[in-house]
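Positions annotated as ATP binding site by TrEMBL: GLY181, ALA182, THR183, GLU184, SER185, GLY186, LYS187, SER188. For 163-362, the entry in TrEMBL reads domain 'FtsK'.
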Amino acid sequence: MTGFTVALVLVVAAAGLLRWRRPAWYWLTFGVTLASIRVLVRYATVMDACGLTVPPSRWRLALARATNRPAPESRPPRILLLRPTRTGLVLRLKLRPGQDAFDVAAASDRLRHSFSMYGVTSRELRSGVVEVGMTGYDVLKRVQMPATTETRPMRVAVALREDGSVHYRDYRAIPHALTLGATESGKSVYQRNLVAGLAAQDVALVGIDCKQGVELFPLARRFSALADNPDTAADLLDALVARMGEVYQLIRAEQRITADTPDAEIAADIWDLPDHLRPTPIVVLVDEVAELALFASKEEEKRRDRIITALVRLAQLGRAAGIYLEICGQRFGSELGKGITMLRAQLTGRTAHRVNDETSANMAFGDISPDAVLAAIQIPAEMRGVAVAGNSTGGWHRIRAPHTTLRQAVNVCNRHADRTPYLPELAPFRPALPGTPAAPVPLSKAAPATA
Ligand SMILES: Nc1ncnc2c1ncn2[C@@H]1O[C@H](COP(=O)(O)OP(=O)(O)O)[C@@H](O)[C@H]1O
Ligand SMILES: [Mg+2]
């Protein structure tokens with residue numbers, strides 16, 4: 001008996017410790033069973049209390065009356081499936097006549113409290129069937145990506161969503177994206193995750209980092225071109241526009257449409273070209289975009305206009321040529337001058353990290369979804385890296401990227417350095433790698449004096 005008590009106390013203590021220190025492990029060991037039992041046992045009561053039941057139908061009432069039985073009770077939606085997942089539970093419900101998906105969505109906060117879950121979301125699968133996704137703990141507190149993710153060419157698993165699912169950055173679905181956030185909010189870490197994800201794929205990376213290159217230059221071995229000041233950036237963007245023209249020429253040459261060309265063989269973008277002809281897709285990462293748009297003199301103003309024009313052209317026409325933009329900044333509004341709102345309108349994917357004011361959040365979501373603006377302002381300052389990711393259809397999610405350190409990203413980039421494609425147009429901007437200095441090594445105190 002004492003042995004049993006000791007064992008019980010140990011198990012409870014272990015569960016408590018896990019729940020406190022390692023919620024993900026707690027969920028997989030104890031949490032998922034306890035929560036499933038809790039949901040199944042409380043289901044009818046909770047649904048009734050949350051107003052998700054329907055009164056018995058006329059024929060059931062009539063039947064009860066005819067057979068002299070007590071009146072039947074109100075009925076909750078039928079459970080089609082209860083599936084445990086890595087981070088929570090999935091409950092699939094068949095709605096009763098008269099209920100709609102909005103009823104469930106509106107009750108999600110009540111369900112969350114009643115089932116003692118961390119988060120509850122719902123979505124309609126098909127007419128009459130709603131899937132309620134529940135998370136058992138705060139998955140964004142300590143982001144752990146699942147071991148296997150469905151990566152496809154040009155699609156990177158970049159962050160975890162609040163409901164435990166993986167957030168992908170899919171360049172073929174959403175070619176260009178804008179990431180906003182106050183300083184120290186996690187933009188560069190997000191971008192670093194993208195680089196680490198893309199490094200293993202057949203893609204050329206181009207970086208523009210006007211913060212003297214501190215974020216992207218350490219990753220130089222995987223980059224085909226880098227610029228660390230606005231002057232180089234302007235030349236680099238012009239080279240990209242020129243390359244875009246050449247890719248279009250190539251696509252034109254491949255089209256040669258005649259009456260008997262099958263529809264499936266007509267190429268309109270690089271992905272329709274046969275493998276051996278397809279130019280390497282390029283992802284252009286811009287950190288601190290405002291640096292490119294600021295100017296102090298007439299000369300700099302000319303350069304700025306050149307840069308913004310090139311960016312707008314890439315955003316408008318780049319997709320079919322396989323050139324994708326990933327732009328990060330603290331603010332990206334009309335105060336940065338002409339052309340900015342036009343560029344912003346082309347950046348379909350929007351992500352906002354913590355912002356300091358509503359106007360900044362509006363720059364990301366004002367034209368998409370007012371709820372997302374509110375959610376972006378509410379991100380707490382201590383939860384760095386938490387962001388709101390939306391798309392032009394008005395849907396949005398709270399996400400957080402894993403905390404990839406610069407060291408880890410450098411290791412990934414070095415491991416895949418041999419994948420760095422050589423693009424002749426961008427060769428002048430190829431970063432000088434350690435060991436093959438292109439410029440004379442600057443003098444420092446430690447350097448031996450040269451006579
Ligand atoms: N996803 C994340 N998870 C945990 N910590 C993060 C995350 N993103 C950022 N941080 C923390 O915030 C700090 C600032 O992030 P950074 O990306 O450099 O901000 P920004 O580029 O927006 O100024 C990082 O050094 C890191 O400690
Ligand atoms: Mg940064």
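Each position is counted from 1, following the chain as shown.
Glycine too: its Cβ is placed from the backbone N, Cα and C atoms.
Just so it is clear, the model here is predicted, and its values are computed rather than measured.
Proximity to ligand 2 (Cβ under 6 Å from any of its atoms) holds for these binding-site residues out of ALA182, THR183, GLU184, SER185, LYS187, SER188: LYS187, SER188. Around the Cβ of ALA182 (ATP binding site), the number of neighbouring Cβ atoms within 10 Å comes to 18. For the binding-site residues given as SER185, SER188, the lowest number of other CB atoms within 10 Å of the residue's CB is seen at SER188. Annotated ATP site GLY181, ALA182, THR183, GLU184, SER185, GLY186, LYS187, SER188; additional same-chain residues within 8 Å of its Cβ mean position, judged by their own Cβ, are GLN330, HIS353, ARG354, ARG384.
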